[in-house]
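**Student:** Pasting the relevant annotations from Swiss-Prot:
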type	residues	note
BINDING	113-120, 142-146, 160-163, 222-225, 257-259	GTP binding site
BINDING	120, 144	Mg(2+) binding site
DOMAIN	105-278	domain 'EngB-type G'
């Protein structure tokens, strides 16, 4: 099991069943990001740029820039996450079994991770330009037993999977495994990893499942604002090495995000637009 020394995660308790984003983040739109200084803008849009100065010259930085869209491409992706009368973004439905899952034609992306990894906060950040979107959260962390579906117009669907770990429902595997195996329109699975904890044994079980089913997936490091740069760099390098040596279906570049500071959110939006086929980027690998 991989272990990275980092700051202890801050404990967060969710006290209500339904959290509704009342207003968007002040940096939710590219136009506001462009008002920042060049250094702050680069740090926000491409979080790995903050870590580059700490790397030895012999380290290959290209592996962290495989997906590196331009500012204009980030702007284009933002339109996909901006609602309009003809492009409605909202919570659609929930399901507890495969026979309850809606039949949809558009591509899907699903988000998975351990309980309290920051999944709901990340989804709210992605949808921050659509503040009316409802992200449902269990009163007791780790006890969500439903797959929650969010439709982004006719472009794609985002699926919020139940959290796993020692507090997860026992029927997690019975619920999630059939979805991963049978959902033919699943374009990409996003596996969230807490920056303060690194890959845990339960995460490795999920990785084994993705590899067994040959499902394309990507690692997303959450809560990077709570971790020292040295520890974050060590984790990023270890994850990149893990991906290279122990996986075949994982995208080679881990993504770094902070839902609080909004770091990496625009980049992740653009990647989602890319893998769902809604934005074709030049010279980018998927």
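Placement of Cβ uses the backbone N, Cα and C atoms for every residue, glycine included.
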**Student:** What is the pLDDT of the domain 'EngB-type G' (105-278) when averaged and given as a whole number?
**Tutor:** 91
**Student:** Can you grab the distance from residue 257 (GTP binding site) over to residue 120 (Mg(2+) binding site)? Cα atoms, rounded to a whole Å.
**Tutor:** 13
**Student:** Expressed to the nearest Å, what is the distance separating residue 223 (GTP binding site) and residue 120 (Mg(2+) binding site) at their Cα atoms?
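**Tutor:** It is 12 Å, counting Cα to Cα.
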**Student:** Can you tell me how far the Cα of residue 120 (Mg(2+) binding site) sits from the Cα of residue 146 (GTP binding site), in Å?
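**Tutor:** Checking the Cα atoms of residue 120 (Mg(2+) binding site) and residue 146 (GTP binding site) gives a distance of 13 Å.
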